[in-house]
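To start, the structure under review is shown below, and the notes come after it.
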Amino acid sequence: NVYQYRKMLQCAMPNGGPFECCQTHDNCYGEAEKLKACTSTHSSPYFK
């Protein structure tokens, strides 16, 4: 649930929040997409 997710984020990132976590995650995928070895049939880690 959302409460447990928030507690997990507080444990891993005590001074951060869900928006910072999601931004870091998205930036990581953005950089990985630039690597030839990391390309796939999907242009995004999120299925549309």
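All positions are counted from 1 along the displayed chain.
Yeah, the Cβs are placed from backbone N, Cα and C, and that goes for glycine too.
Predicted, not measured: the structure shown is a model, and the values here were computed from it.
The active site feature in Swiss-Prot is assigned to His25. Sequence-distant contacts (6 or more apart, same chain, Cβ under 8 Å) of His25 (active site) do not exist in this structure.
According to DSSP, Asp26 (Ca(2+) binding site) is assigned to a helical segment. If you look up Swiss-Prot, you'll see Asp26 marked as Ca(2+) binding site, on the strength of similarity to another entry.
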All chains considered, the count of other Cβ atoms within 10 Å of the Cβ of Asp26 (Ca(2+) binding site) is 13
